[in-house]
Amino acid sequence: MPPVDLIVWIVLAVIVLAGAVSAIVVSRRRASLTRSHRVELPTSSPDTSPVTASPEAAPPTPAPDVPEEAGTRLTRLRRRLAGSSNVLAQALLGIISSDKLDADTWDDFEATLIGSDLGVGPTSELVENVRRELSIDGVADPERARGVLRRELIALTDPSLDRTLRLDAEQGLPAVVLVVGVNGTGKTTTVGKLARLLVAEGKTVLLGAADTFRAAAAEQLQTWGDRVGVETVRGAEGADPASVAYEAVSAGVEKGVDVVLIDTAGRLHNKSNLMDELGKIRRVIEKRAPITETLLLLDATTGQNGLIQARVFNEVTRVTGIVLSKLDGSAKGGIVVQVQRELGVPVKFVGLGEGADDLAPFTADGFVDGLLGE
Ligand SMILES: Nc1nc2c(ncn2[C@@H]2O[C@H](COP(=O)(O)OP(=O)(O)OP(=O)(O)O)[C@@H](O)[C@H]2O)c(=O)[nH]1
């Protein structure tokens with residue numbers, strides 16, 4: 001018989017051995033469990049997943065927009081014009097289609113035209129001509145009234161004016177379009193829309209953000225440029241607008257683009273200040289390339305006030321074309337006639353909304369048909 005203490009030692013040794021074995025097993029199991037968690041974690045965590053960093057998962061570079069062509073946008077915008085100026089058209093047609101064309105009728109007709117910002121001179125002319133024609137038989141005939149009104153309005157809008165954007169650059173140089181006007185009239189937006197129109201025609205374009213007065217203006221212009229895949233040259237906030245304009249035209253010359261569009265701030269502090277600023281911009285640009293077109297932005301909703309601004313700009317710089325913005329939602333289409341007469345400069349484009357392609361080349365008959373809802 002083995003002594004009792006030997007048996008006790010053997011039992012103790014077995015217990016210790018069993019404990020050690022089970023500790024090893026448990027720790028291996030834990031380790032394997034932990035490992036399996038570690039494997040799972042990375043794939044389920046968006047922060048650590050290497051997949052997000054792989055080139056396949058990188059967000060695709062947005063392709064530049066394809067702007068709408070001039071032809072299709074004209075048709076679409078004519079409908080919009082018809083909608084917004086229906087009030088005017090209906091009022092005019094309602095009046096001259098009435099059964100009796102007496103003095104009161106003509107007074108109403110005249111007042112409605114004046115209210116559309118047609119101006120006193122053109123209104124008297126129109127009333128006289130329409131009155132003469134319609135009073136011959138004195139018969140209320142809506143179709144005839146519409147025909148007469150259409151013809152007279154087209155004559156007042158002057159279809160003979162050359163409304164093409166002047167891009168006749170010298171050999172090897174880009175055409176340069178300078179866009180001027182009071183703040184808030186829509187210059188930056190119009191430069192962006194114009195870039196789209198030119199790109200849609202297959203032209204290469206570069207933008208110059210010479211509105212250094214408002215920090216967001218350069219940003220806004222660059223966004224327009226980026227959307228249509230066009231480069232924007234910009235300066236720091238408060239930089240000399242003339243130097244930004246110069247840099248932009250220089251870049252346009254070096255890159256051989258077809259057109260450089262220059263956005264300006266045109267704050268109307270006072271006339272001589274404006275003259276100095278625009279004069280300097282013109283002078284430095286023309287060291288690199290002639291300015292082929294100077295477009296003046298006018299907000300159609302500002303009526304007589306806009307006309308006063310237009311006069312000032314026309315005196316301080318050589319305006320060659322007018323862009324009438326915000327003609328959507330305005331029953332003041334008559335301003336087209338008045339501004340052309342006052343300044344002797346044709347309206348070349350109209351802005352009919354805030355959308356990217358809501359700028360259309362202006363035509364007299366398209367405009368009048370829009371006004372009359374045809
Ligand atoms: N409804 C309508 N809004 C327009 C049109 N054109 C421009 N706008 C809006 O008018 C506002 C002013 O436009 P901007 O292009 O910033 O005007 P800006 O002349 O460059 O202004 P500054 O940079 O302050 O000199 C913006 O909210 C445009 O979206 C248009 O044809 N119709």
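Yeah, the Cβs are placed from backbone N, Cα and C, and that goes for glycine too.
Predicted, not measured: the structure shown is a model, and the values here were computed from it.
Some features that TrEMBL has for this protein:
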TRANSMEM  6-26  transmembrane segment
REGION    35-70  region 'Disordered'
BINDING   181-188, 263-267, 325-328  GTP binding site
DOMAIN    346-359  domain 'SRP54-type proteins GTP-binding'
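Closeness to ligand 1 is met by G184, K187, these being the binding-site residues among G184, K187, T264, R267 whose Cβ falls under 6 Å from the molecule. In the structure as shown, the Cβ atom of G184 (GTP binding site) sits within 10 Å of 12 other Cβ atoms.
For R267 (GTP binding site), the Cβ neighbour count at a 10 Å cut-off comes to 14, with all displayed protein chains included. When secondary structure is read from DSSP and collapsed to three states, K187 (GTP binding site) falls in the helix class. Counting same-chain residues at least six beyond the ends of the domain 'SRP54-type proteins GTP-binding' (346-359), those with a Cβ under 8 angstroms from any Cβ of the stretch are 65, 67-68, 73, 77, 80-81, 84, 158, 161-165, 186, 189-190, 192-194, 196-197, 224, 227, 295, 300, 321-328, 336, 339-340, 367.
Applying DSSP to the domain 'SRP54-type proteins GTP-binding' (346-359) sorts its residues as follows: 0 helix, 6 strand, 8 coil. The local packing around L327 (GTP binding site), expressed as other Cβ atoms within 10 Å of its Cβ over all shown chains, amounts to 30. If you take every residue in the domain 'SRP54-type proteins GTP-binding' (346-359) and average the pLDDT, you get 91.
DSSP assigns T264 (GTP binding site) to a strand in the three-state reduction. L327 (GTP binding site) carries neither a helix nor a strand DSSP state and counts as coil.
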